[in-house]
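Novice: Relevant sequence annotations retrieved from TrEMBL are reproduced here:
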BINDING   G233, E274, P275, G276, R277, Y383  pyridoxal 5'-phosphate binding site
BINDING   R277, R313, Y317, E348, Y383  substrate binding site
DOMAIN    31-381  domain 'Orn/DAP/Arg decarboxylase 2 C-terminal'
DOMAIN    39-281  domain 'Orn/DAP/Arg decarboxylase 2 N-terminal'
MOD_RES   K55  N6-(pyridoxal phosphate)lysine
Amino acid sequence: MDVKGHDPPMNPFTPSTLASLAHTHGTPLWVYDTATIERQIANLRQFDVIRFAQKANSNTHILKLMKRLGVMVDSVSLGEIERALAAGFTPGVHQGHAEIVFTADLLDRATLARVAELGVPVNCGSIDMLDQLGAVSPGHPVWLRINPGFGHGHSNKTNTGGEHSKHGIWHADLPLACERVRANGLTLMGIHMHIGSGVDYAHLQEVCGAMVKLVETVQAQGMDLAAISAGGGLSIPYQADAPTIDTAHYFSLWDAARTQIATLLGHPVTLEIEPGRYLVAESGVLVAEVRATKQMGRNPFVMVDAGFSDLMRPSMYGAFHGMEIIHADGTPATGTPQDTVVGGPLCESGDVFTQGEGGVVLQRALPPAQVGDLLVLHDTGAYGASMSSNYNTRPLIPEVLVEDGQPRLIRRRQTVAELLALEAV
Ligand code: LLP
């Protein structure tokens with residue numbers, strides 16, 4: 001069996017902090033670090049607008065932190081819009097800026113009514129959306145999300161460009177989209193591209209060049225715009241030897257595109273970036289308790305009380321998360337690492353945290369673990385809690401945010417009674 005991955009990268013917490021939090025709140029448990037989020041935001045300050053793709057972590061306390069740090073937000077559902085409002089973001093457009101933008105490929109009826117009521121700009125991923133918005137909300141502010149015909153992702157499931165992707169308005173349809181914007185009396189704010197999670201740095205110039213061409217097309221239609229968005233997709237080093245992003249270089253390429261566009265249009269243009277993972281992934285860990293160990297033929301298994309109902313990324317994408325074992329007393333496990341398979345509690349074979357794409361079970365070199373030890377899964381602040389489910393009728397688990405050494409419970413554990421209550425009809 002293959003062993004995948006290398007030494008786990010650092011996590012923001014000491015073993016004793018995590019053991020103490022596990023003792024207080026029980027396991028499984030999410031823990032996030034404020035300082036890491038602040039550091040990641042600081043790395044992107046050159047962009048005019050940092051717009052957090054809240055799908056990565058939509059806890060209202062994380063959103064409040066973003067708001068406090070001057071970060072705006074991208075919502076992709078009615079629920080996410082309500083979360084943004086609950087966190088204190090203001091709807092509508094003020095001095096050319098919108099704190100909340102709604103990005104989607106379709107508008108369900110309830111969301112259409114709500115964005116129209118609130119005046120939340122809609123980043124339209126289909127031409128039908130333009131017609132539907134125009135019918136109920138004349139003058140509504142819109143972005144056009146364009147699929148440039150190519151994309152890139154850390155997995156096929158996170159590639160959002162090209163002709164196999166459902167996302168965005170096809171680039172060749174941009175003139176038609178402009179015509180529908182005009183015919184519906186909508187207000188064009190900007191052009192947006194998000195071609196996938198896991199930016200392909202080798203082809204970045206091509207991506208920026210595509211944006212310039214798109215704006216040329218808009219201009220050829222006799223229209224103007226005030227902003228462009230580079231989308232998200234910036235990765236983080238999930239593995240020790242993964243390349244880290246040179247954000248200054250990344251900015252400089254987009255800034256050059258923006259300068260070209262500003263020259264073209266004859267006025268300044270706002271440059272937005274829309275990261276999810278980059279801002280929050282490294283801030284978070286998932287803490288689980290080892291509840292069983294067993295040998296299955298040649299494979300030592302460590303069974304923990306968190307499953308893919310909590311952290312779906314390994315099962316969904318074969319994603320790698322660094323792991324460490326700590327003892328319940330807060331000391332790190334130090335035994336000689338052995339190749340181990342880590343499984344969860346769900347009644348499903350794919351509930352394994354050590355696996356590659358396509359569901360192939362892998363091993364991970366971990367110090368020997370005993371029942372009662374804690375397993376810490378690193379870099380789970382993005383697409384962890386936000387992708388959790390109630391599969392196997394497992395309640396959602398608590399979230400703790402640590403700021404200046406002070407832990408704060410930002411979501412309590414759900415109860416089975418709450419799940420059953422939904423069915424008391
Ligand atoms: N903007 C748009 C329009 C998006 O669709 C996404 C992600 C982002 C920004 C943020 O992408 P990021 O910077 O986080 O890569 N669940 C997957 C990721 C799916 C992302 C979908 N869209 C994962 O766990 O890797």
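Numbering starts at 1 and runs along the chain as displayed.
Cβ coordinates come from backbone N, Cα and C, glycine included.
Surface or core, plus neighbours and distances: that's what I need for these features.
Specialist: Using a 10 Å radius centred on the Cβ of G233 (pyridoxal 5'-phosphate binding site) and all shown protein chains, the other Cβ atoms total 27. According to DSSP, G233 (pyridoxal 5'-phosphate binding site) is assigned to coil rather than to any helix or strand.
Non-local neighbourhood of R313 (substrate binding site): A319, H321, T380, Y383, G384, M387, each in the same chain, at least six residues away, with C-beta under 8 Å from its C-beta.
Note: K55 (N6-(pyridoxal phosphate)lysine) has non-local neighbours D74, V76, E80, G276, Y383, S386, i.e. same-chain residues 6+ apart with C-beta under 8 A of its own C-beta. Secondary structure at K55 (N6-(pyridoxal phosphate)lysine), taken from DSSP and collapsed to helix, strand or coil, is helix.
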Novice: Given the binding-site residues E274, E348, which one is most crowded in terms of C-beta atoms within 10 angstroms?
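Specialist: Compared across E274, E348, the most Cβ atoms within 10 Å surround E274.
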Novice: Centre the Cβ atoms of G233, E274, P275, G276, R277, Y383, go out 8 Å, and tell me which other residues of that chain have a Cβ in range of the pyridoxal 5'-phosphate site.
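Specialist: My list of surrounding residues reads A53, A56, S197, G232, L234, Y278, L279, A382.
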Novice: P275, G276: which of these binding-site residues has the highest Cβ count within 10 Å of its own Cβ?
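Specialist: The most densely surrounded of these binding-site residues is P275.
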Novice: Using the structure shown, find which entry in Y317, Y383 (the binding-site residues) has the sparsest Cβ neighbourhood within 10 Å.
Specialist: Y317
